[in-house]
Amino acid sequence: MPKPVFLSGIQPTGVPHIGNYLGAIKKWVEIQDNYETFIMVADLHAITIPREPKEFKEKTLEIVALLLACGIDPKKSTLFIQSQIPAHTELAWILNTITPLGELERMTQFKEKKDRAGALAGLLNYPVLQAADILLYKTNVVPVGEDQFQHLEFARAIAKKFNSKFGETFIIPEALSDKITSRIMGLDNPNKKMSKSAKNPNNYIALLDSPEIIRKKIKSAVTDSGKEIKYDRENKPAIANMLDIYAAFSEKTFGQLEIEFREKSYAEFKEELTELLIAKLTPIQKKYKELSKNKNLLEKILENSKTKASKIANKTLLEAKEKVGFII
Ligand code: AQP
């Protein structure tokens, strides 16, 4: 039986942080044995907010090397750059022509981000491109956090609409629920998610942060009132967030950690969290350094995945174009 198809992506908008790692990358690494896995560097999505071209290019290559360093295995997963597969934008255009404008205007992410980026059409149409990303690979499952749920619903609806208007073409994707998208919150504000593009670098621990930087950032992380190390999301959101991080990296339960840190202060807990992060990130950083020196290898991996992704995406696009009535 063929494996179910899984697709996810990451935008090259900064150095990925431990939130991206725990909420996405680490899970991708774990599931790549069981799914036909497509991991996309979503550079077309990234430009919905203006980028500086030179830095943007560097970040795109950096993220490829970093994903490999984290354990994405090119023998198991197709790790590709979205803009290298023109079928994404072509299918997005076709889907745009059956998308009611009102549906896009209602999207929470558009409403939230439009003030930051200006109300650009790309930001409005972003869910349509995302639907094309998913549908091109006949994807069975995509991981979704709360903020992406609306977009997946949209992709499902537009696929159904296309299928009923032009004939069966697309697989209707399902959400891969569960902990795959648990949210890591900002270290400077536990009520807002950790974010690569946060203005304050103390918001996140980037995967390439040095031990000194990690020490400094964890030291300055906000804590809650009281002094007990206890998992209480509502009343102790900062400690709960750090416990989330600790538990995910150590693979211990909150219960085990509460016992382990019963007699310890916030400062001691932070010190141990720091050492844990350094121990877990150092091997990734070492691997990243080796890989980023090996440009030939990176190019070869990208070339192979481009060939594979193009083949699949072009086949689906062709089916869709034939159904619409284009001369092929
Ligand atoms: N804080 C987070 N906790 C858990 N998972 C997270 N992800 C992002 N932030 C957290 C997951 O990482 C994957 C890649 O994210 P993305 O690059 O597509 O963009 P994003 O979700 O918008 O992430 P950022 O870091 O906040 O980037 P910017 O600041 O550029 O917008 C996704 O699977 C995401 O769920």
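Every residue, even glycine, has its Cβ placed from backbone N, Cα and C.
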Candidate from Ile184, Ile205 that TrEMBL assigns to the same ATP site as Gln11, Pro12, Thr13, Gly19, Asn20, Gly145, Glu146, Asp147, Lys193, Met194, Ser195, Lys196, Ser197: Ile184
Binding-site residues whose CB lies under 6 angstroms from ligand 1, from Thr13, Glu146, Met194, Lys196: Thr13, Met194, Lys196
Nonlocal neighbours by CB distance (under 8 Å) for Ile184 (ATP binding site), same chain, sequence gap 6 or more: His17, Ile18, Gly19, Leu22, Gly23, Lys193, Met194, Asn241, Asp244, Ile245
ATP site span - longest C-alpha distance across Gln11, Pro12, Thr13, Gly19, Asn20, Gly145, Glu146, Asp147, Ile184, Lys193, Met194, Ser195, Lys196, Ser197, in Å: 21
Same-chain residues at least 6 beyond the ends of the motif ''HIGH' region' (12-20) whose Cβ lies under 8 Å from its Cβ atoms: 41-43, 46, 49, 51, 56, 59-60, 62-63, 66, 183-185, 193-197, 204-208, 245, 249, 277, 281
Confidence summary (mean pLDDT) of the motif ''KMSKS' region' (193-197): 90
Greatest C-beta neighbour count within 10 angstroms, which of the binding-site residues Thr13, Asn20: Asn20
Neighbour count (Cβ, 10 Å) for Met194 (ATP binding site): 24
